[in-house]
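Heads up, the thing below is written out as structure tokens.
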Amino acid sequence: MTTNKDPQDKEPGKAEQPTKNSGSSGVGIMKRLRRSASATEHNLSSLRNRKSTQNLFDQHGNPIDLRQYRKVLDKDENGNGTNGSEKKLRYRRTQSVTRAEEISNKEEKQRRAQPGRPIHRPRDSLFSWSSGFTNFSGLVNWGFLLLCIGGLRLGLENLLKYGIRINPLDWFFFISGHNEGEGHNALILSIYSLVHISLCLAVEKGLAMEIIAEGLGLFIQIVNIVVLVCLPVVTIHLKGHAFSLMGASTVCFFYSVLFLKLWSYVQTNMWCRQTYYQKNPRERRPSITLAELKKGVLNGGEEDEDVSKLVQYPDNLTYNDLLYFLCAPTLCYELNFPRTSRVRKRFLLKRLLEVVIGVNVVMALFQQWIIPSVRNSLIPFSNMDVALATERLLKLALPNHLCWLCFFYLMFHSFLNAVGELLNFADRNFYCDWWNANNIDTFWRTWNMPVHRWCVRHLYIPVVQMGYSSRQASTIVFLFSAVFHEYLVSVPLQIYKIWAFMGMMGQIPLSAISKSIEKKLGPRMGNIIVWASIILGQPLCIMAYYHDYVVQHFKNSLNGTDYSS
């Protein structure tokens with residue numbers, strides 16, 4: 001067996017090669033230097049090049065003067081050198097590790113060779129992180145089966161308590177606005193949006209032809225877009241009785257999407273004008289290469305038929321181009337979108353069937369499960385009965401979450417893929433793996449890619465380029481998103497509260513909390529925080545808005561409301 005003497009302690013003695021006593025003094029020198037409480041340089045080259053001996057003490061607090069040990073340091077430099085010494089040290093340490101492994105293996109072989117037939121060996125429990133075991137698919141199946149059994153029990157309880165409430169005729173009445181509103185105001189307001197679209201295109205053509213000044217044109221575009229998004233607010237507020245709830249919601253959603261698309265259209269064309277006409281003349285149309293001259297591109301020669309010709313500014317300013325962008329499943333405008341070569345009929349048929357089936361599933365869940373739970377939460381929520389309101393919140397969480405998951409698949413996979421297939425739109429990255437998000441910030445960057453790309457391209461990056469910090473730019477993005485969440489909820493319901501706004505602004509501190517939990521407790525706990533916020537946050541917002549909606553619109557009949565558990 002070898003001793004536990006440090007290999008580094010022997011090297012200075014070998015470098016010095018004097019008498020036996022001087023070799024032992026070299027060992028003591030290196031021990032004192034390596035155990036220095038204030039020096040971080042443990043290799044000889046750092047100590048040799050150190051000019052000052054101030055703040056260099058040994059483990060007992062005694063000052064160390066490197067001048068007394070200069071011979072040892074210099075001989076090491078003139079002898080083997082620092083690199084050779086370190087290589088020898090590493091080699092000797094490797095030998096020590098190898099020797100230890102050999103001894104351990106020999107002991108294990110000898111123990112196994114005993115006649116007692118030993119069966120034990122060093123192992124960790126599977127639930128220990130050090131075990132390296134990762135296959136928990138059986139527990140995942142168990143959790144999924146347990147969740148299905150719990151959901152089936154709740155569904156059976158709901159069926160026995162309320163009976164079959166699913167009625168497709170009511171769906172038709174609700175979607176069409178039957179017995180609600182007057183005439184077809186939502187349809188008329190949607191058609192009226194063509195006025196703003198035409199004005200936007202006309203101004204862009206005027207700017208491209210330099211008929212309209214740049215400042216005046218941008219002012220007109222800004223006023224046009226702001227009036228566009230404010231028009232549903234004013235109209236529904238003044239003539240709310242003329243709109244059905246579904247019609248008002250559709251109008252607000254349509255005008256919100258149109259607002260984002262026209263913003264992108266105006267800003268992208270402004271970038272094109274800056275590139276081709278104004279900012280830097282050197283950044284105008286790219287120069288023609290020598291290879292293109294040889295092919296005769298400038299002299300009327302034929303171009304490569306396999307390469308599609310890209311649309312250049314201002315040739316993109318046409319009605320067909322703008323209408324294609326308004327119908328495309330994206331919020332960010334480009335002069336040349338990636339296109340597919342054909343329409344896959346089987347793929348399109350699957351997506352359309354998913355849309356039809358998904359709409360019926362979501363409406364059935366609303367009628368059978370969510371509406372009774374929301375109605376029963378009115379009295380406890382109004383009386384501020386915390387315990388009973390919490391029970392109603394947890395009872396509403398499961399059906400609401402199922403509806404949200406169905407809506408996500410229905411909208412971001414089935415519907416948008418169907419639209420993209422019909423329009424030969426090739427970019428189908430409508431969502432990323434948000435279910436694996438380890439913090440709230442990652443979730444908001446991955447679950448809705450069209451909105452995320454718009455916010456980064458047209459809001460976050462321009463704000464940062466204006467001199468603001470990334471944190472301030474993120475706060476502005478969340479503020480913008482919070483305003484539109486409140487817009488989509490309060491305007492159709494005609495109750496101007498701030499619950500959706502506060503919910504979105506609350507994502508900022510929640511994001512910091514989830515990142516802290518991810519850092520301290522690991523990504524798994526961060527993912528649990530994300531799922532908990534999704535499952536519990538939405539039903540709480542629904543209960544708050546339903547309470548305010550009933551109080552404001554059905555105040556007279558509240559006293560006659562029956563409460564059933």
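Backbone N, Cα and C define each Cβ position, glycine as well.
Quick caveat, the model's predicted, so the values are computed rather than measured.
What TrEMBL records for this protein:
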type     : residues : note
ACT_SITE : His485   : active site
COMPBIAS : 1-14     : compositional bias 'Basic and acidic residues'
COMPBIAS : 37-57    : compositional bias 'Polar residues'
COMPBIAS : 67-78    : compositional bias 'Basic and acidic residues'
COMPBIAS : 99-111   : compositional bias 'Basic and acidic residues'
REGION   : 1-120    : region 'Disordered'
TRANSMEM : 126-152  : transmembrane segment
TRANSMEM : 186-203  : transmembrane segment
TRANSMEM : 215-236  : transmembrane segment
TRANSMEM : 242-263  : transmembrane segment
TRANSMEM : 352-371  : transmembrane segment
TRANSMEM : 398-419  : transmembrane segment
TRANSMEM : 473-489  : transmembrane segment
TRANSMEM : 525-546  : transmembrane segment
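With a 10 A radius on its CB, His485 (active site) counts 18 other CB atoms from all the protein chains.
Proximity of distant same-chain residues to the transmembrane segment (186-203), defined by a Cβ-Cβ separation under 8 Å and at least 6 residues beyond the stretch ends, is recorded for 177, 212, 217, 220-221, 224-225, 227-228, 231-232, 235, 243-244, 247-248, 250-251, 254-255, 258, 262, 265-266, 317, 319, 322, 326. Scored on C-beta pairs under 8 angstroms, the neighbour of the transmembrane segment (398-419) with the top count among 126-152, 215-236, 242-263, 473-489 is 126-152. Same-chain residues lying 6 or more positions outside the transmembrane segment (215-236) and placing a CB less than 8 Å from one of its CB atoms are 185, 189, 192-193, 196, 199-200, 203-204, 206-207, 243, 248, 251-252, 255-256, 258-259, 262-263, 266, 270, 487, 491-492, 494.
Panel annotation: around the transmembrane segment (126-152), residues 398, 402 of the same chain, lying at least six beyond its termini, place a Cβ under 8 Å from a Cβ of the stretch. Counting only same-chain residues 6+ beyond the ends of the transmembrane segment (242-263), those with a CB under 8 A from a CB of the stretch are 174-177, 180-183, 185-187, 189-190, 193, 196-197, 200, 224-225, 228-229, 231-232, 236, 325-326, 331, 333, 451, 454, 458, 484, 487-488, 491-494.
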